[in-house]
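Written out below as C-alpha cells is the structure these notes cover.
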Amino acid sequence: MRYLTAGESHGPSLTAIIEGIPAGLTLHPADIDHELQRRQGGYGRGARMSIETDRVQISSGVRHGKTTGAPITLTVINKDHQKWLDVMAVGDIEETLKLKRRVKHPRPGHADLVGGIKYHFNDLRDALERSSARETTMRVAVGAVAKRILAELGIDMLHHILIFGGITITIPSKLSFRELQERALHSELSIVNPKQEKEIKTYIDKIKKEGDTIGGIIETIVQGVPAGLGSYVQWDKKLDAKLAQAVLSINAFKGVEFGVGFDMGFQKGSQVMDEITWTPTQGYGRQTNHLGGFEGGMTTGQPLVVKGVMKPIPTLYKPLMSVDIDSHEPYKATVERSDPTALPAAGVIMENVVATVLAKEILETFSSTTMSELQKAFSDYRAYVKQF
C-alpha cells in the first residue's frame with residue numbers, strides 16, 4: 001500500500017491516490033466523510049472550517065460499494081478557492097495580479113522562509129500553500145480507507161487529549177477502552193474528563209482574545225493488534241519507528257513517545273519492563289503495558305499507546321517579528337487565517353495517520369490480493385499466536 005497527496009490550501013481541490021488496497025473491501029464515500037467531518041470539528045476551530053464542508057469524491061478503484069484492487073482516487077473540493085481565483089491561477093496572469101496576496105514576511109514556526117530559500121520562491125505563498133495543514137484533509141481521507149481495513153480485522157482505535165495548552169487532563173481510573181473512546185468522541189475537546197471542559201474552553205477563549213495559540217499532547221490507543229507485526233531484523237523494519245516518522249510528519253507535531261515514554265528516563269528497568277504471563281484461554285499477555293505495546297520494534301499483543309506533542313499553531317493574530325525578504329528590514333510576520341488551537345482536529349489526523357501505517361504493515365505482511373484472502377490469513381495468524 002502506498003499513497004500520494006496533492007493540492008494547495010486555496011487551490012481548487014485536494015487529491016490522494018492510494019495503491020495496494022485489496023479487492024472486495026466495502027467502501028462508501030460516507031465512510032470517508034465521517035472522518036473528514038471529525039477533522040473539521042472541535043472547540044477552537046476558525047473561520048475556514050465554517051466555509052468548507054469537506055466531502056470526498058471517489059473517481060476510481062471502487063465499484064458498487066466494493067474496492068476493485070485498482071488505484072483509488074479521492075478528491076475533496078476547496079470551496080474557498082472561488083475567492084482566490086487570481087491568486088491561485090494555474091496560467092500566467094498580469095504582474096499586478098501576481099502581487100495580490102504575495103507573502104514576503106515569513107511567519108516564525110512555519111515553512112515560509114526555509115521553503116522559499118530551498119525552492120527559490122520570490123513569493124512565499126508557494127511554500128505556504130502546500131505546507132498548510134489543509135493537506136491533512138487527504139491524510140485523513142486515506143486513513144479512513146485504512147480504518148475500514150482494520151475494522152474488518154477486528155482492530156479499533158481512539159485518541160484523546162492528555163495535556164491541553166498546559167492543562168493536564170485528569171483521567172478517571174479504570175476506564176475501559178470503549179469508555180475512553182465514547183467519552184472522547186462526545187467531547188468537543190477530545191478529552192475524557194467532562195469536569196474540565198468548561199475550564200479549557202474558557203482558556204481557549206482567552207487565548208483567542210489575546211491573538212495567541214496553544215498546543216498540547218495527544219494519545220492514540222489501538223486495540224486488537226496481534227503480537228509480531230514489525231521486525232527487529234533491520235532498522236527500517238521496526239514498526240514503532242515507522243509510526244514515529246508518520247506522527248512527526250503531521251503539521252506542527254514535534255515529538256512522539258510510546259507507553260510511558262520519556263518518563264522511562266526517571267525509572268529503573270524493574271519498573272518499566274512488562275512482565276510476561278500465559279493462560280490457556282488467552283495465550284501470552286503482560287502484567288502491564290509500560291512499553292506501549294512494542295518490544296524490539298514489534299507489537300507485543302498489548303494495546304498500542306502512541307503519544308504526540310503538537311506545538312502551538314505558528315500563525316498568530318498578534319504576529320511576531322520577522323524580516324521582509326525584499327529589503328531585509330524588520331517587519332511583523334504575515335497574518336493568515338488561523339485557529340487558537342487545533343488539538344481536537346490534530347487528534348483525528350494522528351489517529352488516521354496511525355491507522356494508515358498499521359494497515360500498510362498488515363497488507364505487506366499478509367497475503368492481501370482480496371479482503372477474503374487477507375481476513376483468512378490474519379485469522380490464521382491470530383490462532384497461531386494464541387497457541388504458540
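Cβ coordinates come from backbone N, Cα and C, glycine included.
Swiss-Prot names R130, S131, S132, N251, A252, G296, K311, P312, I313, P314, T315 for binding FMN. Of R102, R148, R337, the residue it gives for the same site is R337. In this structure, R130 (FMN binding site) is part of a helix by DSSP.
A 10 Å cutoff on Cβ-Cβ distances gives R130 (FMN binding site) a total of 18 other Cβ atoms nearby, all chains included. Listed in sequence order, A133, G215, M310, K311, P312, I313, P314, A342, A346 are the same-chain residues at least 6 apart in sequence whose CB falls under 8 Å from the CB of A252 (FMN binding site). Cα-Cα distance from R39 (NADP(+) binding site) to R130 (FMN binding site): 18 Å (rounded to the nearest whole number). Ranked by Cβ neighbours within 10 A across all protein chains shown, the binding-site residues R39, R45, K311 are led by R39.
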